Amino acid sequence: MAPAGAKKGILERLDAGEVVIGDGGFVFALEKRGYVKAGPWTPEAAAEHPEAVRQLHREFLRAGSNVMQTFTFYASDDKLVNRGNTQRFTGQQINEAACDLAREVANEGDALVAGGVSQTPSYLSCKSEDDVKAIFKKQMDVFIQKNVDFLIAEYFEHVEEAEWAVQVLKSSGKPVAATMCIGPDGDLNGVSPGDCAVRLVKAGAQIVGINCHFDPETCVKAVKMMKAGVEKAGLKAHYMCQPLAYHTPDCNRQGFIDLPEFPFGLEPRILSRWDMQKYAREAYNAGIHYIGGCCGFEPYHVRALAEELATERGLLPVGSEKHGSWGSGLEMHTKPWVRARARRDYWETLKPASGRPLCPSMSTPDSWGVTKGHADLMQQKEATSQEQLKVLFDKANKGH
């Protein structure tokens with residue numbers, strides 16, 4: 001039990017059957033706000049523009065988030081300098097700044113701090129297990145120094161690398177969560193979600209699940225498969241889900257990064273707040289109690305999760321002060337036809353139009369079909385050359 005006045009830890013909350021609301025997608029949100037560069041997607045903003053990162057943390061906290069994830073996605077040294085990316089700050093400085101910001105805001109409410117590591121260019125380039133684990137350990141050392149509440153290995157396309165990350169994080173003695181960016185088809189080597197989850201639990205993860213790459217419906221389905229695999233193996237775990245805020249019914253195994261709209265034309269696919277309430281309910285009914293979001297998730301999306309599960313959680317988020325349940329705030333609108341929309345059955349059954357008469361409802365993914373070990377995925381410190389780009393352009397134009 002936590003001492004009087006202390007916050008309950010992540011496992012204590014989940015063991016008690018509580019719902020834990022995660023946060024949203026910092027990388028995409030801050031890219032749209034002008035603080036992250038699309039392409040490298042690295043989190044130097046934690047050191048360069050702490051005020052922007054702090055504000056986004058606060059908005060997610062106000063929306064109901066119980067976890068402030070450190071903005072350390074892709075903050076490994078090899079990723080920070082991949083393909084000509086240059087930094088004014090070291091990886092350690094970025095990780096330390098991110099931890100301080102997350103803790104500062106978490107202390108403003110009932111939130112925990114989670115330190116996160118992600119997949120590495122070194123693994124894609126077939127570096128050794130020791131080399132890859134050393135990268136994770138360097139990040140973890142900062143998290144231990146800053147005394148985060150628990151650790152997350154997130155955004156892994158290959159279960160082998162995720163296992164290595166969990167094994168390193170487990171050595172900290174802190175609770176460990178592990179999420180893979182896979183769908184029902186499994187990881188990029190074809191390992192099923194159920195088998196991935198079993199391997200992660202055996203590696204030491206107490207919480208397993210899915211994040212990114214797919215929409216909520218797909219991710220919940222994949223987590224259900226994980227849960228079935230873990231239970232069949234006679235193991236125990238808690239489950240989490242942090243999907244995209246984009247509809248992805250047309251995605252293949254690689255997820256939304258194969259869509260031609262990625263990353264600058266995804267807006268027509270954004271889920272509404274009502275879609276998010278449906279996701280929260282479906283996840284909860286599936287036995288998933290850590291429910292959050294990833295790329296595309298804004299604070300209003302997280303607020304929708306918290307509002308849908310307000311009865312189960314015993315409270316509404318502070319942000320609901322400015323949001324009427326199921327559109328009830330529209331009762332105060334000046335126009336009568338808008339006041340007529342102040343009801344659940346209107347918003348729950350609405351089929352939103354895109355306003356794009358010549359656009360298709362779905363796309364054809366690129367489907368290059370390459371993964372770890374393929375020459376196209378070998379990473380480099382040097383900037384991508386014009387010659388290298390020409391090869392890629394030609395390949396794309398010829399349909400690979």
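Backbone N, Cα and C atoms are what each Cβ position is placed from, and that goes for glycine too.
What TrEMBL annotates here:
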- C212, C294, C295: Zn(2+) binding site (BINDING)
- 8-309: domain 'Hcy-binding' (DOMAIN)
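Within 10 Å of the C-beta of C295 (Zn(2+) binding site) there are 28 other C-beta atoms, taking all protein chains into account. Neighbour density for C212 (Zn(2+) binding site): within 10 A of its CB lie 28 other CB atoms from the protein chains shown.
Within 8 Å of the centroid defined by the CB atoms of C212, C294, C295, the record's Zn(2+) site, lie the Cβ atoms of G25, V27, F28, Y155, C181, N211, H213, Q242, P243, L244, G293, G296, F297, excluding the listed residues themselves. Taking a C-beta cut-off of under 8 Å and a sequence gap of six or more, C294 (Zn(2+) binding site) has these contacts in its own chain: G24, G25, N211, C212, Q242, P243, L244, A245.
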